[in-house]
């Protein structure tokens, strides 16, 4: 590409302060340095995690910032020493990097590379950024920042994918789908013929249902107070749909009545800390497994769970990004989609452009949208 080695001026959505609308700005994207990759972004999903953090003061010291992390694009150029991708490759952004060398990368039971530390700084280039706007250094959300026409990332945060992959579809595999599907396949290890319940029917919750179905679950109960989501849940594999508000008794008692003694596997995907106890209580007392999927409402929240729920054999565990070793396994998920092993198309309900990013945010907040994709 004729842009190699040059600063690229392009458009991006910039968050100047928490709670403010995203601003469409011209930014400058410098060439990649050693072990870095510059990417022409093509599509990005708008994730619930982006929405949650837009209005929180947690990001105030990192503004200006480019939000977004669920993205795909084409490699424009690479820095010295990059070997896993080259110019022209289709790539997917990795919400958790995989260096392949640290203690956790070498542990088969762990998917949290120590280089995830970069996400806390929101800087993709070891203490700095290759992106500026109006003379200011621009941070990149969790060291990615996909709401931009171009970005620069570390090689360990990028993976090559199938050259035939439809980027406007597979972008959501990078976070939302991988998180939910993997929670069922890897974290819970759902078994054939089992019973499952899924609390929360957003994009991640529906992806859990797809995972439960793929694992051979016999009964999958979708739980949400938004009945508009029930048809979509049935489309992707739910056998039953329940609104807790339709009953006078607690949801755990409702599910225990539906499935004698409780379900084998329950997934809490609402992010509501108060729902964790109900999800655990919905599991069979002797062998039920409850998985909290993704981030709860706040990292400082305290769980209040009745101790008797642990008296027998129930298990409560967490799951982050579905337990996938990202650089190795996220591309395989893209290939599995191409091979029609599962269908993510029903999860994408809206497709907009970068200039419509604020409309996408409002759609997600309103509950009218499962997953919105921005074309860049």
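Numbering starts at 1 and runs along the chain as displayed.
Backbone N, Cα and C define each Cβ position, glycine as well.
Annotated Zn(2+) 1 binding site per Swiss-Prot: 47, 69, 175, in sequence order, evidence recorded as similarity to another entry. Marked as Zn(2+) 2 binding site by Swiss-Prot on the basis of similarity to another entry: 99, 102, 105, 113. Per Swiss-Prot, the feature NAD(+) binding site maps to 200, 201, 202, 203, 204, 205, 224, 229, 293, 294, 295, 371; the stated evidence is similarity to another entry.
In space, 175 is the closest of the binding-site residues 47, 69, 175, 224, 293 to residue 105 (Zn(2+) 2 binding site), judged by Cα positions. A distance of 9 Å separates the Cα atom of residue 204 (NAD(+) binding site) from that of residue 175 (Zn(2+) 1 binding site). Neighbour density around each Cβ, counted as other Cβ atoms within 10 Å, peaks among the binding-site residues 200, 202 at 200. The Cβ of residue 113 (Zn(2+) 2 binding site) lies under 8 Å from the Cβ of 96, 97, 98, 99, 102, 104, 105, 156, 326, each on the same chain and at least six residues away in sequence. Around residue 102 (Zn(2+) 2 binding site), taking its Cβ as the centre, 16 other Cβ atoms fall within 10 Å, counting all chains. Take the binding-site residues 99, 105, 175: by the count of other Cβ atoms within 10 Å of each Cβ, the lowest one is 99.
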